[in-house]
């Protein structure tokens, strides 16, 4: 086997080194946030409910390529099942479909054949209920999570509350979805697709109040009510740039500190390493030439 000459080999390695760019991982919208399963399972000796749910899920998944919210029914008059899905407002149609398409299998795995279920992922959720299932208030809290780290003092709570207030108004004007950032606090709010603007505003207002009480001065929090959800996160080094189709308010600050700093550091380190490697190759080639002259 013939190996390339050392100087050429150094240049080849250097070229491959300089043109390798670090990959960026996309957000994983399929992360499970919570599950809600009815305690009662339906009796299905003839498989009619199973067929209805299968048809329902098929319809929901197919619609997720076209829209971010869809509600429908399946089954006969005796086995009517109502279901819906919703994707987060900043997801593309492809991301929405990829998220929703995972939900039927997850629902069966996590809840089984219950008369009602709701599975919430990071980017989407699905829910269904058999006709006659007891309805719950749209303001009922389904799930909450608060960051473990607290940030008392320094004006954090004032900044967070201002950001939440901006978001609360934005959800109404945005007809059910709004995301923005204010002084390093990123906030997002969304209502179920069939909720009117007025009811949406009331739901988000309730969720904001719950976040303030339940999470205190935690640097992040998520509150999921039956008809809406909100989240907030504080970033000490500035909110990373997010690709989003949502509008932002005049109080929002577009900051790419986290993402762009990483790119800059990678370029500087890669460039410095490349220059150092080139110097080593040149010294090595010089030594070979000198050795050749000695012979």
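Placed from the backbone N, Cα and C atoms, the Cβ positions cover glycine too.
Residues or ranges marked as domain 'Gnk2-homologous' by TrEMBL: 30-133 (among others).
As annotated by TrEMBL, domain 'Gnk2-homologous' applies to 138-237 (among others). On the 0 to 100 pLDDT scale, the domain 'Gnk2-homologous' (138-237) averages 94 in the predicted structure.
As annotated by TrEMBL, signal peptide applies to 1-25.
Per TrEMBL, the feature transmembrane segment maps to 265-285.
Residue counts for the domain 'Gnk2-homologous' (138-237) under DSSP, split into helix (H, G, I), strand (E, B) and coil, are 37 helix, 34 strand, 29 coil. For the domain 'Gnk2-homologous' (30-133), the DSSP counts in helix, strand and coil order read 33 helix, 34 strand, 37 coil.
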